[in-house]
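Visitor: I'd like to ask some things about the structure below.
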Amino acid sequence: MTDFNKILDQVYKETLANADTGKVARYIPELAKISNDKFGLCLLDAKGSRVAYGDWEERFSIQSISKVFGLALAFKRIGNKLWSRVGVEPSGDPFNHLSLLELEQGIPRNPLINAGAIVVCDILVSEFKDAKKEVLQFVRSLTNDDSIDFNFSVAASEKATGFKNYAAAYLMKSNGNLNNPVETVLDLYFHLCALEMSCSQVATAFFPFMNHGRCTQNIQHLEVNKIKRINAIMLTCGFYDEAGEFAFEVGLPGKSGVGGGIVALLPQQFCIVSWSPGLNPKGNSTRGMYALERFTTLSELSIF
Ligand code: GLN
């Protein structure tokens, strides 16, 4: 039996001592206010036991981690029709890249870059009367926690400054891959990014992705086959132009966000979540990358 307590204790201390703290994202004004000293770690194993360190209970802006929830809800709702609107190939580009050739054809490379997540939001807006409420309800049901909510100041901050997302949305709109008004679709997108959760809550929300679709309450939220596909997309596309590096260093499917969160999982074994707001130049948490590399190296647990 792996002693997660001992390993996480070592990872936490080593990371604080050795890892560069990176730079907090400044392009979203509300995120720039967060202290760079924060660092939390939480591991949830397949039996439901938790090991946690540091600021693991503090809620942070999960940002692009939420793209997985949007994807899961859209896939659950419309099934394989989803793939006629968005691809499944890694982009090798930054998260907000305007890959003109692809966007001119209207089909973004994958659902975990901004353009792809915007298409997913368009699908959700078409499918549900109140898509924002539906997404929130979905995340609350995955975690069995109704206290989870959007941070409305963060959503407003992005609405006021997210010009590249408007550009991507208008390009796709002009090429026929957005069926709803850009403002409506981006309103959902910005709220999705502004979901606020702790390391512990994110770990619980990803439990079904580690556990063949069943949450900690043993409710089946997604079919096994869909979980397989979402985890594959996380592995190949979850870290933008650092997806290869993350697979190489850590060796787990996962997803990062510019709020400094990273979630990664080993099917049937554990979900692990780190939060430290300082980012590397590719927009991934520096301490998070360091901590997860140490964790899979020390525990000898990865998909490889
Ligand atoms: N809300 C951010 C944006 O759209 C999400 C980016 C991220 O977390 N990588 O730019």
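Each residue, glycine too, has its Cβ placed from N, Cα and C.
Heads up, TrEMBL stuff is auto-annotated, nobody curated it.
Remember, predicted model here, so these are calculated numbers, not experimental data.
TrEMBL lists these features:
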BINDING   SER64, ASN114, GLU158, ASN165, TYR189, TYR240, VAL258  substrate binding site
Visitor: Rounding to the nearest whole angstrom, report the longest C-alpha distance spanning SER64, ASN114, GLU158, ASN165, TYR189, TYR240, VAL258, listed for substrate.
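Guide: Between the outermost Cα atoms of SER64, ASN114, GLU158, ASN165, TYR189, TYR240, VAL258, the distance is 20 Å.
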Visitor: Who sits close to ASN165 (substrate binding site): which same-chain residues at least 6 apart have their Cβ under 8 Å from its Cβ?
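Guide: Result: ASN96, ASN114, ILE118, GLU158, LEU186, TYR189, PHE190.
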Visitor: On a count of neighbouring CB atoms within 10 A, which of the binding-site residues SER64, ASN114 is highest?
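Guide: Per the Cβ count within 10 Å, the most buried is SER64.
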Visitor: Rank the binding-site residues TYR189, TYR240 by the number of other Cβ atoms within 10 Å of each Cβ and report the first-ranked residue.
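Guide: The residue with the most neighbouring Cβ atoms within 10 Å is TYR189.
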Visitor: Would you count the other C-beta atoms found within 10 angstroms of the C-beta of GLU158 (substrate binding site) for me?
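Guide: So the Cβ neighbour count for GLU158 (substrate binding site) comes to 23.
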